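Colleague: Please find one structure pasted underneath; my questions will follow.
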Amino acid sequence: MLSFVDNRILLLLAVTSLLASCQSGGLKGPRGAKGPRGDRGPQGPNGRDGKAGLPGIAGPPGPPGLGGNFAAQFDGGKGSDPGPGPMGLMGSRGPNGPPGAPGPQGFTGHAGEPGEPGQTGSIGARGPTGSAGKPGEDGNNGRPGKPGDRGGPGTQGARGFPGTPGLPGMKGHRGYNGLDGRKGESGTAGAKGETGAHGANGSPGPAGSRGLNGERGRAGPAGPAGARGADGSTGPAGPAGPLGAAGPPGFPGAPGPKGEIGGAGSNGPSGPQGGRGEPGINGAVGPVGPVGNPGNNGINGAKGAAGLPGVAGAPGFPGPRGGPGPQGPQGSTGARGLGGDPGPSGQKGDSGAKGEPGHSGVQGAAGPAGEEGKRGSTGEVGATGPAGLRGARGGAGTRGLPGLEGRGGPIGMPGARGATGPGGIRGAPGDAGRAGESGLTGARGLPGNSGQGGPPGKEGPPGAAGLDGRTGPPGPTGPRGQPGNIGFPGPKGPGGEAGKGGDKGPTGATGLRGGPGADGNNGAPGPAGVVGNTGEKGEQGPAGAPGFQGLPGPAGPAGEAGKAGNQGMPGDQGLPGPAGVKGERGNSGPAGSAGSQGAIGARGPAGTPGPDGGKGEPGSVGIVGAAGHQGPGGMPGERGAGGTPGPKGEKGEGGHRGLEGNMGRDGARGGPGPSGPPGPSGANGEKGESGSFGPAGPAGLRGPSGERGEGGPAGLPGFAGPPGSDGQSGPRGEKGPAGGKGDVGPAGPAGPSGQSGPSGASGPAGPPGGRGDAGPSGLTGFPGAAGRVGGPGPAGIAGPPGSAGPAGKDGPRGLRGDPGPGGPQGEQGVVGPAGISGDKGPSGESGPPGAPGTAGPQGVLGPSGFVGLPGSRGDKGLPGGPGAVGEPGRLGPAGASGPRGPAGNIGMPGMTGTQGEAGREGNSGNDGPPGRPGAAGFKGDRGEPGSPGALGSSGQPGPNGPAGSAGRPGNRGESGPTGNGGPVGAVGARGAPGPAGPRGEKGGAGEKGDRGMKGLRGHGGLQGMPGPNGPSGETGSAGITGPAGPRGPAGPHGPPGKDGRAGGHGAIGPVGHRGSPGHLGPAGPPGSPGLPGPAGPAGGGYDQSGGYDEYRADQPSFRAKDYEVDATIKSLNSQIENLLTPEGSKKNPARTCRDIRLSHPDWSSGFYWIDPNQGCIADAIKAYCDFSTGHTCIHPHPESIARKNWYRSSENKKHVWFGETINGGTEFAYNDETLSPQSMATQLAFMRLLANQATQNITYHCKNSVAYMDGENGNLKKAVLLQGSNDVELRAEGNSRFTFNVLEDGCTRHTGQWSKTVIEYRTNKPSRLPILDIAPLDIGEADQEFGLDIGPVCFK
């Protein structure tokens, strides 16, 4: 029999397990499907004691007890009445007495549980034959029989209905031409047809009378170079010509004396973003910055390595029952059990997870190149992957299209100064940009090289006297230096103005007839004619004879532009027509190609001296004469024509700082700058409206010419530039060969035989079968309906020409014919008198580009091109190495129940117990032995990405793919080096002048002569007017990044970012320290009494005659005194009942209001005690339980803030936090007066964990203060701010997750009356509530007052 203490322990264990099951209450899930039949449970607990048997016969006396020492307990001096002594200690238990006599027959017990099935008996004798059964159900259809013999021929059937018309037949061959039909009658006049296409140009008409003078035509492009005229006699020396084009660089002079140190220039404007510099050296570790605001959730980190095993802790107390353990190892196959009852049909399982990828198949033959796919939409930016190993440098990709201009990135850290990059290849001239504002005068550049001597110019009129310049100090004359290396090209000069139009040259020989010109401009649309009635179409009449040339009709409306015709074959040279009257100067035609070199004619007799010839070819270079004295300054020459742009010069020194220009476009994105220390939390300023750009400032006055500086020494070569940025992905690689066939894996263990499943649902209809064989011809069908009208047949061959028709009406005026061939060259006319000087004409348009010059010297390597667009997707690469083993998948579902075990031995029949009361549902039994392995679990969630595998070895090169389509034209190659000039020939002697012969035909253009030697430097001309803007030069190389500016003030707090995506599961943390041992749990409930043992022998050695009968257990009659045990059990029962069904009282609090509502569904809403963190009930809190909504509401303390003028300030209005600033740093409190703030914070933290929704209201009482909507301005800029529990600010507008709603808005205007605005915030993130503070904006004046009512925070 169990003792009283044992019973209490059992009771307390039951209470503990009940507690554990009570606390783990989540939302009740849906009812699961009926599980398979379980194995037989373990033997149940023994029944209660039967009723006491009758007393047995007294046993024999027991052995004598141990003698006690009573000497110390007696006083020898007293011999009077010895009353009963004190009760001695209970002796040790005597040995078991012999069995008593059997008791009387007990009452018949209740029927026991069915015993285990007995072993199968032997097969009985065969029974008698049974009576005939009922007829069975129809069997399944038998298999089809064998085909029967072929029957005899049937009788002739009746004639069938006509068949439907057949499909149209194939198109027939073209028929022969039919005979000409007879001429039809003339049809009625048709409507006016649409204007036909322009006809071919007619033959030239007779020369018309001279027309009126047209408007002056635009200057035509320059004609081809005329033949070289005869050498004229030497003219008088002209004045100094204009400054010639820059010649090749001269030898560098010797270094001049060092100039004086100039004044410090002002800071120049920020240069363009520099190239990315080399990584700088890691700086020293800075001081620890202040704690920044919490960042967004980071991306999932890789799984950490397992930690070292910790020190073994002390053995813990028994924990609550754990969840199902992982699948155990496969047990050995048990003996086959008896067949179980058939289970119910299972529900259709979910579709299985996608299988693992199969092994790579054998490489197929290369398929044909697919069509180019559409460009996919831009994908979202992926998470930043781990940095891979640095790959080998790829080949240069094709130049991609320029991308869209990116937004300006933050200014990066100043990089180390890069070396001067090599000059790029000269680009094509861009369109002329708008005229820029005049910059400040730059520092004077290095002197340019001497230009070639220009041709002698005409003597110009004397210019106005210039202003006296400042006299510069004479510099010392340096010694003549050795010739230096050829310098870098000088800077590109400005484009000169277009020169004046030259005199009209003689008429050239008639060229070959050119191809058809481009379509002319459309003429003005003529008036639309009246539309006549549409006549019926007559048969085509024969073509009439050509009519006479009609008068020109009005111009028809412009037809649509026809496609450009193919290039016509050149026609034969026409006979020269008679010379026409000299017409007005026509528009300049395009320049003709140069004619071939004519044969050299015989030398004619010496002619009379001709007029002055053009500029002769430069003569050979004479010996360099001694330097002459400085001559007096010549007269200023006329303004010279603009020189050709010089080559690009070296980068000049930085000029003085110019005026600040307009904001430039966003620069290229810089590298990330260093993290600055977090600035102070500024208040949100109101966003100002964007200001418009100011008007451009007036052009500055031209500064005076600087003095000529001394030539500086050549600079050292710069450092090598930084490596270019990595190119984008190269084109898709060819498909690698298939991987080798993997080894065959070991055979898996045979799974257990599954039970036959239920019939599957009907499958979907299969795809349509292939086309069947043609059936036998059907009977003749009914005649079909008439077919639709067929499409027009192909055009017949053109018939023979018809007879001439009547003359047509006058046609419209023909287009202007091509110009007739030029007449023969007229004789040279007499020189006319000089005309009056005309007004200066307007500047002509830019002439056509000149012939390409000789190739310049090879340029230095240009900078890296832009990163091209991503290449097309590469073919599938080789299979990657095996990935890292993923994390274990989620626990699979429980396996199917194992086969039923063999029958156990039949137990002994138990004693019949009395019928007990129906017990409560027992606790779950201990875990049974591991079941057979379950079926494979569903595929687990994808594991975290493994760490990058080591770089695989390069695969074998794949087979050559099919030839790709032709690539785009390559970039223009670099210009080849200039060839050496040939030697100068000797100058021949001048022959005697002969008589002037007749003027010869114009010779072909001579070949271009070798470049002449450099002429002597002419006198400097006057400063020319500023030329027009030259074409935009190429973008200069990026300047050095300027030093970082001073740290700007901290920007305003940005709006809270959106919640980041939920991070992945973090790696398992290290083992924590062992917790302190928990408190001793309450004693468990007493166990059920055991079976009564046999009666022991009677004790001996104690004289019972003294009347000591206090041991109630010695005799059954004393069992009436068990009321203490009964009371204890009753008390425990009531405590367990309270745990199972909490009352919400101070002594029996519930965890949440939900527990009270589930335990007592008929109770009404009100205040109850709850203890969210469980444990000791001393920290229970009082909450309002709203059973209608399921909310647990905790009230603030205090619940209202007095209405008065809380804040006076004359500064600009800003949000002022009530608890932090106005109320002396006291936030809204939610603790009970009897609890410490720490205990309340703990309870609130558990409350947030137990809830998944939260809501709270705040009422803002106002007087002349706006709380939400500003009624005057119609915006929310004066709305209050709220502070949540996790320091998040809740606003009136912005991110919807952090905005509150308004249920009533009475505080919109300053009315002088009290009103209120009720604010509500609901969220699925309970961690944001309760509200701890409020910040009004529209306060601070003497008449502005407010107060608050803080509503309870309610969790659900």
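Backbone N, Cα and C atoms are what each Cβ position is placed from, and that goes for glycine too.
On a predicted model such as this, the values are computed, not experimentally measured, just so you know.
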Colleague: Can you check which of Asn201, Asn1257 Swiss-Prot annotates as N-linked glycosylation site?
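Modeller: Asn1257, according to Swiss-Prot.
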Colleague: Which cysteine out of Cys1153, Cys1262, Cys1307 is the one Swiss-Prot pairs with Cys1185 in a disulfide?
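Modeller: Answer per Swiss-Prot: Cys1153.
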Colleague: Going by C-alpha distance, which of the recorded positions Cys1153, Cys1185, Asn1257, Cys1262, Cys1307 is nearest to Cys1193 (disulfide bond)?
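Modeller: Looking at Cα distances from Cys1193 (disulfide bond), the smallest one goes to Cys1185.
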Colleague: Determine the Cβ neighbour count for Asn1257 (N-linked glycosylation site): the number of other Cβ atoms within 10 Å of its Cβ.
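Modeller: Step by step: centre on the Cβ of Asn1257 (N-linked glycosylation site), count other Cβ atoms within 10 Å, giving 19.
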Colleague: Give me the Cα-Cα distance between Cys1185 (disulfide bond) and Cys1354 (disulfide bond), rounded to a whole Å.
Modeller: 9
Colleague: Secondary structure at Cys1354 (disulfide bond) (DSSP, helix/strand/coil)?
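Modeller: Going by the DSSP assignment, Cys1354 (disulfide bond) falls within a strand, counted as strand.
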Colleague: Taking each of the disulfide-bonded residues Cys1153, Cys1185, Cys1193, Cys1262, Cys1307 in turn and counting other Cβ atoms within 10 Å of its Cβ, which one has the fewest?
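Modeller: If we count Cβ atoms within 10 Å for the disulfide-bonded residues Cys1153, Cys1185, Cys1193, Cys1262, Cys1307, the smallest count is at Cys1193.
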Colleague: When you rank Asn1257, Cys1262, Cys1307 by Cα distance to Cys1354 (disulfide bond), which of the recorded positions ends up on top as the closest?
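Modeller: The answer is Asn1257.
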Colleague: Name the secondary structure element type, per DSSP in three states, that contains Cys1307 (disulfide bond).
Modeller: coil
Colleague: Between the Cα atoms of Cys1153 (disulfide bond) and Asn1257 (N-linked glycosylation site), find the distance and write it as a whole number of Å.
Modeller: 20
Colleague: C-alpha of Asn1257 (N-linked glycosylation site) to C-alpha of Cys1307 (disulfide bond): distance in Å?
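Modeller: Here the two Cα atoms lie 16 Å apart.
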